[in-house]
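Colleague: Okay, handing you the structure first.
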Amino acid sequence: MKKFLVKFLFIFVILLNGSKRSISSEVSEKTCRQFQSKIKWITLDFPKKKFDLRVFNIKNLNEVHFECLDYCESNVTIFSITLYLDKKLVYNNNLNLGLHSNFYSKKIIFFILSNAKAIDLSLDLFALSNNSIQLQYSYSDIKFWTNNSIECSFKQLNESFPIFKKVTYLIFAESCVYTLNTCPLMFKDINVESLLFKGLSFTFIKTNLLSFKTLSENQENLINSTIMNLQIMVYKLNIDNSLFSKNLITRLEYLGIYGVVKSFDKFTFLNLEYLKKLTIYANEFSGLFSNKLDWIFNLDQSLKQNVTIDFIPMDDYTFPDSDFCLYKNLSSLKKVDVFLRPNFNCSCLVVYLLGMDKAQKACPSKFKYFKNCDFTKFSKINCNKTFTVKIHMNFFDQFKLYSTFIDFLSVCFLPLVCILSICTNILNIYILLGSKNSDEAFSKQNNFLYELSLLNSILNLVYSFNYIFHLFNICIIPVAIYCSTYANDLFVQYYEIFIIDYLGYILKSLSNLLDIAISMTRYSMLVKNSFFHKITKLSSFKKKLILVILVIVLGFLNIDKLGNSQVFREYLDFLMGDVALPIRNTFKLNKVNNDINANWYYYINPDESFSSFYVILYILNIFINNVALYVCLLISDLFLMVKFKKNLDSVIEMKKRNFQSNYKKLSQLLNSRVRTVFAIWSNLFILIFLRSLEMVPLVYTIYGEFSVRVCMYGGKSCTAFIQFANVIYVFSCSYKIINYYFLNINFRRKAKSLILTLKGPAVSKF
């Protein structure tokens, strides 16, 4: 409430000052009001008037009018400006970021620009700024035009003011789409402290590669770029010198490579004459040893000055003694000074290779006294035999990796199983209604079973129809083989909360309860005086009352889906690309503040209190939906299977007495028994198997959360597994038509009649 009042007072002051200022002749008062309605102020320090500024719903770049915020007496400092475009546009001189000097911080200002279709290099975006600019592009296509032309030409370039001249920190986020043969003029006269390329990848699920167009000999010396620190974040990428061309990056001193490198070309770093330090933060070390570390030795021979290379594992890899053969030749390097920096205690191998003094520098807080290390054993190791690099990956990284593939499987199977379920349940409804109307006597006797089956089919139909629209919310990872462009849309987020999560779980729970009731009703037909047999004789009003009570109870139990979920427009705040919106399981009480810290995703916001009521409902919901109902379904199906077999055996024994002298009929009877038992048992077994299969990703998710808190810190990893469990559930909904066919004689007759009708009158008896 306090934050809300602070924001309200700030906006009131702005509006009050706005009434006193004179509107620019170029911008009408109406235009300014429209622009101000798109703005959201994020309070950083209200007494000192320090804010972040976010602009939403931008349809055209000429809708941005920061001159409307020219409140000189406000003396406001803006630390960051974020632009949310509704669609992809070419960033050109239609964009005006002219701010009054009072709105700029004294040192730096951070711009986050989104949805770029291309970036025009003639854009003099920051020409009037006296600040050091930090710039990030997100959800953008990294293509560079010159004067609204896709031609990469020096003639059309803005020579007077290159676009990135005042940018000191340039980031291309993980959500950016890179292209091959990118125009290299982006490096023209660039002088940045840090340049980051994130999200480079070469896998089936995500291929996002960057390379630059080759310049002519006359153009090569015109780039004149200086980049002090270049960082690239990669996954399964073969790295060569195309990213480090001498003509593109004239001077580079610090290079950082993060992620999983598939291989290094041996000439990768030959052009980096001014390199002082190379840091490799590796999730897997296997790619570093491609070409037998030739890339390091080639670098050592080409350097004009000494360079330091840090190997820093991002997991629990400790440079074990068993990997001696991988590193044994590093000690022969002359100009390259290698540091092995394990996250845990230094191994004997690290001390042997680096020496005691360097080992203390490499891991000072984790250094042990290695009095018991037997260094002589390393000289006895035979490295001539074939050596296989072992991949060291912890459970947390494995879980996130598996979740990506599970997400991909969901995208592949979700539309198929939803359409299949919709078709089969429509067919169920048609056949059930036809069966009920065709046999009035049978309908009265089994009316309750038909009502349950019909209602269950309707629920499954609605659930499957709704869930197919979940595709609009799925984004495996940005720039992946599938990433919905509507995943961050507000309407889609609200649809996820109210329809997919809240209504969906009510329908799913109610359907599971009806499955139990159907099994128990069939069981009651075999045991006449059972409890469920008495329930079938209840009046229609009492049955409807029970149904209404169940819906109300389930609606209450699932209310945590509404309380624990939160919609966000500020999706560009997320530093990583693996966050699913809306945010689920926040357990927050205060929904007035819609801000989000990029350091947390699915867990409790430390700045706000959390509701124990929501937590209890959340745990209770998991127990009821994922444990109790599963156990009840399993028990009810097993009871039905066992009781049916006993009754069938009794009927067979009785008929065997009647046909003792007729061996042909006796044989037919026994064969019929085998077929019937096999058909019913196999179909019930398949349903039990599907329900058990649905539990596997849920159990794995619970295990991951309790072991390494992967749901809390792993982005949408858990969401991917829960989503896949729902896909399996939808498939089980479509299989129920087979179950009805074998367990309901009237359903089977009507289905056969329908098949004959579709095939035509010429078909022989089915």
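Quick reminder: no glycine exception, Cβ is built from N, Cα and C everywhere.
TrEMBL does not curate its annotations; it predicts them automatically.
Residues annotated as signal peptide in TrEMBL: 1-24. As annotated by TrEMBL, transmembrane segment applies to 408-433, 454-482, 502-520, 541-559, 615-640, 677-700, 720-743.
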Colleague: Cβ pairs under 8 Å only, please: of the recorded stretches 454-482, 502-520, 720-743, which one is richest in them relative to the transmembrane segment (615-640)?
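Modeller: The stretch I would name here is 502-520.
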Colleague: For the transmembrane segment (502-520), could you work out the same-chain residues 6 or more beyond its ends whose Cβ comes under 8 Å from its Cβ atoms?
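Modeller: Non-local partners: 449, 452-453, 455-456, 459-460, 462-463, 466-467, 532, 550-551, 554-555, 557-559, 561-562, 621, 624-625, 629, 632-633, 636-637, 639-640, 726, 729, 733.
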Colleague: In the same chain, which residue numbers or ranges, 6 or more beyond the ends of the transmembrane segment (454-482), come under 8 angstroms Cβ to Cβ?
Modeller: 139, 174-177, 199, 201, 204-206, 208, 404, 407-408, 410-411, 414-415, 417-419, 421-422, 425-426, 428-429, 432-433, 436, 489, 492-493, 495-496, 499-500, 503-504, 507-508, 510-511, 514-515, 518, 547, 577-578, 580-581, 723, 726, 730, 733-734, 736
